[in-house]
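**Student:** For reference, TrEMBL lists these features for the protein:
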- 6-27: transmembrane segment (TRANSMEM)
- 60-81: transmembrane segment (TRANSMEM)
- 93-114: transmembrane segment (TRANSMEM)
- 126-149: transmembrane segment (TRANSMEM)
- 155-183: transmembrane segment (TRANSMEM)
- 246-269: transmembrane segment (TRANSMEM)
- 289-306: transmembrane segment (TRANSMEM)
- 327-347: transmembrane segment (TRANSMEM)
- 367-384: transmembrane segment (TRANSMEM)
- 391-408: transmembrane segment (TRANSMEM)
- 440-459: transmembrane segment (TRANSMEM)
Amino acid sequence: MERAEAYGFSGAMSGAFLLSCLLFAAVSRRQRGPYMDEVFHVPQAQAYCQGRFLQWDPMITTLPGLYLLSVGVAKPAAWLLGWTGDVVCSVGMLRFINLLFSAGNFYLLYLLLFKIHQKNKAVSGFQRILAALTLAVFPTLYFFTFLYYTDPGSVFFTLFSYLMCLYGNHKTSALLGFCGFMFRQTNIVWTVFCAGNVVAERLNEVWKIELQKKKDEKISSRKGSFSDLARILQFLVKYLISPKNLVTLTALTWPYIMLVSLFFVFVFINDGIVVGDRSSHEACLHFPQLFYFLSFTGFFSFPHLLTPAKIRKFLLSFRKHPVQYSLITVISLFLIWKFTYVHKYLLADNRHYTFYVWRKVFQRHELVKYLLVPLYIFAGWSFADTLKSKSIFWILMYSVCLLAVTVPQKLLEFRYFILPFLIYRLNIPFLSLYRQLLELAFYILVNAVTFYLFLNRTFRWENSDEVQRFMW
């Protein structure tokens, strides 16, 4: 990092943290007590602070990583600063831990952008700082910086694990992946993703050698046609059935294999992934979740995905391959018809934005969910088009992880899309400075509206005296 870039990054991070502290103070003044899921998380952390480690709220569905880390931070801080009594693990103190995670996420996002795009000399230091700032204030993640939720810590350890993986420190990466797993069980998918990075890199090296042997066939791993994909899948099967190759891959990924094995032991002992309240978190094949994710990504990445050039390119692709797109349309319609699920929380809780998205869009008419298929197809095509700079093996590996982390979820919840979105966004090419600024301005606008609604547009339910607030 050059000196000017280092000063610029320090200034951006310090400024963002200062503004976050001011916003943190505003949120804490308006909402002093626990809100939403905090009513479960805060008492649990306070029980741990008091040494009651055997106490557990059965409504909590995640492992105790957040509470253990909170005690590990709050207790030494209280000792150093001379704090006593309830202030040690107060609501404000516990929320502040997520503010620290947010600062850590900013730094990790910058380091990941630097590492992933280090070969692109056209990217300036200012663009890297701007991209890191933009992702650090990504609205769905940034909002939960100010509440005591698992999301900031979950993202922190997952991004840290990914960074160590890219630098080849796989034992450290697996250890950090375990920390991420302790925050949220589904983060095991991103441990598989890190292992997949190693495997994809190895496969890409071997594939390039294969291409050199078959120059006359002019095969490319990035053409994207079905014939090339069939050849690549044939190569993949041939490579993976070789015991020698499997031993090589095992030697490269054994720390991740150990962690995944530990995960399966946990699932066996726990008789499932979810701890606590399982009735509201049942796994199912909810394939439209992929369509919701693509729509979510299209909304928050419109400077990347929704451009006149991309629309023209998509229409040209549609004209060239009408049969393929017709088949994709039929499959999409079938998946929506047979695999759409509506969780009871989605219909009942009018504090979440998803409630209004579902009511204002999907519940307008029974046919709406089918009429949206062309938009899903364009979003999927544009999504894939922005990843064409990655190897086909990386794309296949990421796609498998994306399906694994979205499809089994019955509840439509935007928080579940945070990590797959960030991994995607980190790996796509940089835009022009103008479009980067547009993206940042859009995120700031969405955050401003979100916090305005949360802080000022409160309401009450008929059967409750508690103040209710709008949130993600």
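Using the three backbone atoms N, Cα and C, a Cβ is placed for every residue, glycine included.
Could you tell me the structural context for the features on the list?
**Tutor:** Through the fold, the transmembrane segment (60-81) approaches residues 40-41, 44-45, 48-49, 87-89, 93-94, 97, 100, 148, 150, 153, 179-185, 274-278, 280-281 of its own chain, all at least 6 residues removed from its boundaries and within a Cβ separation under 8 Å.
Here the transmembrane segment (93-114) has long-range neighbours at 1, 9, 13, 16-17, 20-21, 24, 27-28, 41-42, 45, 69-70, 73-74, 77, 87, 128-129, 131-133, 135-136, 141-142, 144-149, 152-153, 155-156, 159-160, 162-163, 166, 422, 426, meaning same-chain residues at least 6 beyond its ends whose C-beta is under 8 angstroms from one of its own.
For the transmembrane segment (126-149), the list of distant contacts is 5, 8-9, 12, 16, 20, 23-24, 27-28, 34-38, 41-42, 45, 66, 91, 94-95, 97-99, 101-102, 105-106, 109-110, 113-114, 117, 155, 300, 414-415, 417-418, 421-422, 425-426, 430, 433, 436-437, 439-440, 443-444, 446-447, 450-451, 454, 471-472: same-chain residues at least six beyond its ends, Cβ to Cβ under 8 Å.
Residues 170-171, 173-175, 177-178, 181, 185, 188, 191-192, 194-195, 198-199, 202, 240 of the same chain sit 6 or more residues outside the transmembrane segment (246-269) yet have a Cβ under 8 Å from a Cβ within it.
Beyond the transmembrane segment (391-408), the same-chain residues lying 6 or more positions past its ends with a Cβ under 8 Å from any Cβ of the stretch are 186, 189-190, 192-193, 196-197, 199-200, 203-204, 207, 221-222, 229, 232, 236, 283-287, 289-290, 292-293, 384, 416-417, 419-420, 423-424, 427.
Same-chain residues lying 6+ beyond the ends of the transmembrane segment (440-459) with a Cβ under 8 Å from its Cβ atoms: 23, 26-27, 30, 130, 133-134, 137-139, 142-143, 300, 302-303, 467-472.
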**Student:** At a C-beta cut-off of under 8 Å, are there same-chain residues at least 6 beyond the transmembrane segment (367-384) that contact it? List them, or none.
**Tutor:** 224, 288, 291, 294-295, 297-298, 305-306, 310-311, 314, 317, 325, 328-329, 332-333, 336-337, 340, 361, 395, 424
**Student:** So which residues does the transmembrane segment (6-27) touch in its own chain, when a touch means Cβ under 8 Å and the partner is 6 or more beyond its ends?
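**Tutor:** Contacts with the transmembrane segment (6-27): 95-96, 99, 102-103, 106-107, 110, 125-126, 129, 132-133, 136-137, 145-147, 451, 454-455.
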